[in-house]
Amino acid sequence: MARFLAKKMVGLIWFLLLLALLKEPCFIEAFESNYETDYEMQLVEKMMKNYKARVEVRPVARSNQPVIVSFDLAYSQLIDLDGKNQILTSNVWVRQEWVDSKMNWNASDYGGLKSIMMSPDYQWKPDIVLYNTIDGGGEMYKFDSRIVFHYDGQIQWFAPAQIKTICTIDITYFPFDEQKCKITFGSWSYTKNVLDMRLKRDTADLDRYTASGEWKLISLHAVREEIKYTCCEHEFVTITYTVHIQRRVLFYMNNIIIPCIILNGLTLLAFLLPHDSGERISLVITVLLGLTVYMLIFTENIPNSSVVLPIIGKFSMACFVEISACLLVTTFTSRCYFHGIDKKMPTWFHFIIFNILAPAFFINIPKSEEELTDDELNQTEDELTQTEVPLLTCPNGHAIQNGHAIPNGRLATGLLRSPSVSILKPNSFSGAPAIETHPVNNCEEQIQRIVDILERFDAESREKELEEAKKGQWHFAAIILDRFFFILFGVTILFCIISFYLQIPTTDRHSSEGI
């Protein structure tokens with residue numbers, strides 16, 4: 001009897017311990033979790049029955065009903081827009097929803113379970129593809145992400161994807177351009193009467209969009225279209241998203257446009273450098289080579305197109321032409337400055353320089369340059385052969401002019417009457433031979449020798465003055481031309497910059513929208 005009571009007491013103790021464990025929250029949660037897991041397993045086993053036939057048949061009650069697929073796209077990142085190959089690379093989240101009336105259940109029968117996840121291999125999927133893909137990887141029905149089944153038959157299939165699409169780029173306003181790239185989805189096999197695509201919203205979801213450093217996203221609108229092909233009786237439904245983007249120009253402003261403007265402005269320094277420095281032409285050639293390097297930079301970043309020339313191409317070409325013209329003009333002005341004295345300045349050129357350009361730029365012409373005209377140059381040269389020699393006097397009181405005696409003449413040159421005449425020493429006149437002092441036996445002969453020396457000296461002096469006058473004319477003409485071309489090229493450069501600015505689209509100059 002005692003042994004029986006002991007067994008009863010042990011059983012009662014175990015019962016009380018089990019009752020205490022059942023009252024613990026952690027034990028209850030674990031039990032309920034296992035219980036719900038069992039419901040989920042039962043539901044999965046139920047839905048996997050005859051799945052092989054189900055994956056091939058559209059989920060409709062009647063065969064003449066279309067499957068309505070609600071389509072949505074979340075645009076998460078613009079990875080790259082390859083301008084040369086015209087390829088847009090994007091990260092997106094594709095969201096597809098449809099109803100399968102055969103895949104519903106009563107949530108109360110399965111412990112309140114309202115949704116489960118299964119592999120896409122056990123369910124029919126719409127054969128939606130990316131129409132304008134570039135690498136052949138646009139099959140939206142090959143995603144590996146799991147499908148969510150709801151108790152009311154609603155099916156959701158969300159999947160991330162990296163897509164590459166064709167984007168026709170218009171480079172007319174590069175780098176101030178805006179591009180509109182299209183991303184088109186649609187069924188490849190099913191027509192509208194079999195599969196109908198509907199937009200969940202008229203824009204893409206941009207809540208998780210990561211801004212690009214090169215492009216500003218302006219908008220991303222969606223449009224549903226029905227397209228009729230010659231191959232088929234019914235239309236095909238497509239959904240097209242238009243990615244409207246605008247290029248950020250800070251990189252191109254700092255690395256291409258501003259350096260080109262500075263290089264173009266440096267050419268003006270060539271007209272300020274003195275001609276004798278010999279660095280004018282070297283400066284212009286160096287600037288021209290620098291501009292060529294910058295032209296190579298932007299040609300590597302734009303599509304190869306012979307249809308249209310971008311505005312930055314027009315601007316750089318204008319800079320190239322201006323610098324090349326500056327090189328030619330600098331060579332011309334240097335040629336004028338170092339012009340030889342063998343040729344006189346042409347009359348028309350003299351008129352343009354001294355009568356038109358100099359007064360137009362308020363340049364004061366030196367008196368020597370103003371008076372030295374072509375007629376006066378010719379007159380000066382004639383005078384060299386018809387120089388009047390001053391009167392010289394012999395000891396007998398007779399004067400001689402050009403070797404002929406004149407009675408009772410006076411010394412015009414201040415030579416003293418003496419039995420001997422001291423003629424100029426060597427080096428008194430360049431190129432004149434020394435004349436020794438000796439008694440005057442023949443006055444006319446000695447005076448004639450003196451006259452020859454003076455005539456030679458006067459001719460050399462006038463010739464040097466003529467050469468210096470010619471050089472001065474050419475030098476002054478080069479200075480006036482430098483002033484003229486400095487102003488001309490300055491105005492031309494300013495005009496090119498203003499024209500370039502006015503060609504920039506106004507939306508790019510004032511737009512602050514976009515992300």
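Residue 1 is the first one shown; counting continues down the chain.
In case you wondered, yes, glycine gets a Cβ from its N, Cα and C as well.
The domain 'Neurotransmitter-gated ion-channel ligand-binding' annotation in TrEMBL covers 41-249. Per TrEMBL, domain 'Neurotransmitter-gated ion-channel transmembrane' is recorded for 256-496. The annotation signal peptide is assigned in TrEMBL to 1-30. Taken from TrEMBL, the feature transmembrane segment applies to 249-273, 280-299, 311-333, 345-365, 484-502.
Beyond the ends of the transmembrane segment (280-299), by six or more residues, the same chain brings 175, 252, 255-256, 259-260, 263-264, 266-267, 269-271, 273, 312-313, 316, 319-320, 323-324, 326-327, 330-331, 334 to within a C-beta distance below 8 angstroms of the stretch. For the domain 'Neurotransmitter-gated ion-channel ligand-binding' (41-249), the mean pLDDT of the prediction comes to 91. Within the chain, the transmembrane segment (311-333) has long-range Cβ neighbours (under 8 A, six or more residues past its boundaries) at 172-176, 252, 256-257, 260, 263-264, 267, 270-271, 275, 280-281, 284-285, 287-288, 291-292, 294-295, 298, 302, 478, 481-482, 485, 489, 492-493, 496, 500, 503-504. Beyond its flanks by at least six residues, the transmembrane segment (345-365) meets 373-374, 470, 473-474, 476-477, 479-481, 483-484, 487 of its own chain at Cβ-Cβ distances under 8 Å. For the transmembrane segment (249-273), same-chain residues at least 6 beyond its ends with a Cβ under 8 Å from one of its own Cβ atoms are 175-176, 214, 279-281, 283-284, 287, 290-291, 294, 297-298, 312, 315-316, 319, 322-323, 326, 330, 333, 482-483, 485-486, 489-490, 493, 496-497, 508.
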